[in-house]
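Pulled from TrEMBL, these are the features on record:
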type	residues	note
DOMAIN	2-111	domain 'Gfo/Idh/MocA-like oxidoreductase N-terminal'
DOMAIN	126-247	domain 'GFO/IDH/MocA-like oxidoreductase'
Amino acid sequence: MKAIIVGLGNKGYSWYKRIRRDHPDIQLAVVEVNLELQARLAGELVPFYTSVAEAVVKEQPDILINVTPPAFHSVVNELAFEHRIPVFCEKPISNNYMESLRIVELARLGNIPFMVAENYRCFPFIRHMKMLLDQGVIGNIATIQIDFCRYHPTDIPYFLALENPLLEDVTIHHFDLIRYLTGREGKSIYAFNYCPVGSWLKANVNLNFCLEMEDSIVVNYIGSMTEKGRQTGWSGDWRIEGTEGALLLIDDQLFLNKGEGNIPIDSSGIADLSCFHHFLVALKEGRDAETCGEDYIKSEALVYFANQSHNLQQRVPIIS
């Protein structure tokens with residue numbers, strides 16, 4: 001299999017190293033307009049291009065991995081679609097929800113495999129959590145409480161340019177986890193973005209929301225990237241209350257509570273497989289990937305309507 005990685009920034013280089021390590025059978029080529037970043041490939045015999053179009057013509061890849069900044073996602077995705085090349089794209093699909101809808105529709109109309117790289121739902125403890133919920137260990141889900149607390153100053157230009165960076169860059173992962181773990185879609189949301197006094201950034205890096213899901217599941221979320229107290233994992237700490245017990249995720253450790261205290265659950269036997277692995281398996285089996293564009297756009301919709309709620313200062317319906 002031949003693959004082109006477009007973008008060799010921090011995320012792109014991370015994917016490059018991971019694929020070289022985990023999938024040595026894949027023949028890689030790289031596209032990057034910043035020639036200084038070619039130094040990251042020093043000593044490696046990897047075809048290097050500054051033009052996506054040229055790379056596609058010369059390499060004839062089986063897949064394209066889009067790790068460009070979000071503002072450039074669409075132009076790269078569209079070029080791949082024109083050549084009927086399956087795409088594995090970093091999130092978000094684009095910075096604009098309507099543009100994301102357009103790209104997803106292009107892939108659908110062309111019947112071109114298009115997956116968004118959503119890695120949080122691939123963590124072993126998350127996969128285990130999903131298995132337990134599907135087995136009904138706590139009965140029917142009633143409510144979910146999520147606490148996400150980090151102190152995470154960053155100088156990443158993309159993040160700094162966002163109006164609501166926690167919501168748009170990080171909480172998108174948590175929205176996707178909510179959909180994945182519950183198997184339900186959102187119905188309405190009330191969201192409030194804010195910048196606390198003394199924040200390291202003058203944008204809204206804190207967020208509270210209340211999300212109503214199908215089957216009357218209610219999700220409460222408190223998120224902060226300015227928290228100097230207790231730090232959670234990047235997935236956050238979760239308390240899922242069911243009709244027959246509760247399932248908790250604390251510091252990436254699962255616990256089950258059936259009325260006799262929090263009992264630790266061992267997730268060490270769950271396979272640790274990347275979202276790229278799931279993409280390759282879906283291609284081989286000729287089916288939609290787990291976070292294909294048509295599924296992932298529903299997570300981006302939650303971000304869009306959360307922003308709408310914040311701007312209107314009211315609860316809004318989620319329209320799919």
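The backbone N, Cα and C atoms fix where each Cβ goes, glycine too.
The average per-residue pLDDT of the prediction over the domain 'GFO/IDH/MocA-like oxidoreductase' (126-247) is 96, rounded to a whole number. When DSSP labels each residue, the domain 'Gfo/Idh/MocA-like oxidoreductase N-terminal' (2-111) comes out as 55 helix, 20 strand, 35 coil, counted as helix, strand and coil in that order. Helix, strand and coil residue tallies for the domain 'GFO/IDH/MocA-like oxidoreductase' (126-247), in that order: 35 helix, 44 strand, 43 coil [DSSP].
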